Amino acid sequence: MSWQAYVDDHLMCDIEGHEGHRLTAAAIVGHDGSVWAQSATFPQFKPEEMNGITTDFNEPGHLAPTGLHLGGTKYMVIQGEAGAVIRGKKGSGGITIKKTGQALVCGIYEEPVTPGQCNMVVERLGDYLLEQGL
């Protein structure tokens, strides 16, 4: 399966039991910041934004004082899983990023999608990739 198919079929799909509810944007990005696949709506990000995210996985709490920035949007960092998941909130939406062995699985949402639904979609694919050694 291509990386684009993972984004299209597993991240940008309807959320179980909520037809028509889906993430606003999604991507799979290598640890080096290279985009493996993304939705058409995923924001163009700066290398330093991705560096900040990568640093937070290695040094949990790094982003807390400044917030998580992606594509010029600032998210307030909320409870995640140190070294595994970063979650951010901005207004009625937010972001979930799951780290796998080789990549970062990113999902961005707005209402009516809930934070829990975004977490489920992103982390399910991230866990699958981890099981596959990716």
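From the backbone N, Cα and C atoms, a Cβ is placed for every residue, glycine too.
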Listed range which Swiss-Prot flags as motif 'Involved in PIP2 interaction', given the options 50-66, 84-100: 84-100
Per-region confidence, the motif 'Involved in PIP2 interaction' (84-100) (mean pLDDT, whole number): 98
Helix, strand and coil totals (DSSP H, G, I; E, B; other) for the motif 'Involved in PIP2 interaction' (84-100): 0 helix, 13 strand, 4 coil
Between Cys13 (disulfide bond) and Thr114 (phosphothreonine), the C-alpha gap once rounded to whole angstrom: 15
